[in-house]
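A.B. asks: If you look up TrEMBL, you'll see 6-26, 38-61, 81-103, 115-137, 162-182, 194-218 marked as transmembrane segment. Sequence annotations record features per position, and here TrEMBL assigns domain 'Rhodopsin' to 22-262.
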Amino acid sequence: MTTTVRIIVLVLAIPTTLVCGLRLYLRKTVLNSWGLDDWMVMVALIMANGFSALAYTITYYGLGKKTKDVSDADLLVWWKIYYAALCSYLLVAASVKTSLTVFIMRLFPTRSISIAGRCILGFLAAFTLAGTLALAFQCRPVRAGFDKTILDAKCYSVDTSFAILMAQGVIMFVMDLTILTLPIRRVWQLQMPLGRRVLVLGLFCLGFTACIAALVRFSTLTYARDETDYTYTAANSLIWMELEFNLGLMSGSLSSLRKLIKLRSPFGSRQTSSFTGSRPNNVELGRYKGWGRGISKKTEINRVFEIVDSSQEHIAPIYGQGELCTTTNAFSNGKLSC
């Protein structure tokens, strides 16, 4: 099991770092459109890689082995790393979910998504703080949480610890579903062929696989009740945590790679890059009164799809006459020209 954990950690951490790194490179140097969601991805990537480092390191101190086969010296270190990983779970999970939420808010700057996104961010901040403190101060004195040589400490019972971990897992799973369902209705209302709408929705499907990882992790939390072989049973839970973090991060960054491949292809055109790079940011289309009069059909659906799929810029569905318009063109004479 020890070798399995190491391989899985590396197989997940390396591609996630590459995907997110390429996304940040594209946003900063190619599209010149760095935003708050990119900062959040950077923070989440650092925290996820930090957690992966903890997961990889703890395998050298007994994780994946039978507890009876782990030396007392290694167990002392194991408990310290385990305590750090336990207290950092909500912080890493919240950073990943925050990056996804801010990304969706930027991609679809409508009033409803903005309100929902801010509510999600507020709840994540409050819940993460409360949940982390509950785990950090599970013992009196606090040091007893990772120093098992303190015999007169007062700590949570195994049932209480299990209940806390299960409650946190369930709430985070619900938050995953809430975040990933935010853009579904907006994407489905885009004026583009059905196949392309399905493909755009497919970009978010990796996020649902992260939800599945979080769901499966529930069954592994029984390690919190295991007082005899915890170094072995905790390994499964850690693997699913790694899947949850890394798949969640990649789900918000993979859409950029298609654009990067196009820009570097000898058969591609760089027109789309200048098109997206020259547009103004942070324009909320939903507030413009000219929508009711309809717009021209000069903007191609393909261009819209490339923006949804690749550059992650603002888009908005039109209910009525005309096609879908992007915010690339300027407002002129009180009308929006596409």
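Using N, Cα and C of the backbone, Cβ positions are placed for all residues, glycine too.
Help me picture where these features are in the structure shown.
C.D. replies: Each residue in the domain 'Rhodopsin' (22-262) has a pLDDT score, and their mean in this model is 86.
Long-range contacts of the transmembrane segment (38-61) within its own chain (CB-CB distance under 8 A, at least 6 residues past either end) are made by residues 2, 5-6, 9-10, 12-13, 16-17, 20-21, 23-24, 27-28, 70, 74-75, 77-78, 81-82, 84-85, 88-89, 91-92, 95-96, 98-99, 102-103, 238, 241-242, 245-246, 249, 252-253.
With a threshold of 8 Å between CB atoms, the same-chain residues lying at least 6 positions outside the transmembrane segment (81-103) that come near it are 36-37, 40-41, 43-44, 47-48, 50-51, 54-55, 57-58, 61, 117, 120-121, 124-125, 127-128, 131-132, 135-136, 145-146, 168, 172, 175-176, 179-180, 182, 207, 234, 238, 241, 244-245, 248-249, 251-252, 312.
For the transmembrane segment (115-137), same-chain residues at least 6 beyond its ends with a Cβ under 8 Å from one of its own Cβ atoms are 86-88, 90-91, 93-94, 97-98, 101-102, 104-105, 145, 164, 168, 171, 175, 178-179, 182.
Nonlocal intrachain contacts for the transmembrane segment (162-182), taken as residues 6+ away from its ends with a CB within less than 8 angstroms of a stretch CB, comprise 89-90, 93, 97, 100-101, 104, 108, 113, 116-117, 120, 123-124, 127, 131, 134-135, 156, 204, 207-208, 210-211, 214-215, 217-218, 221-222, 224-225, 248, 251.
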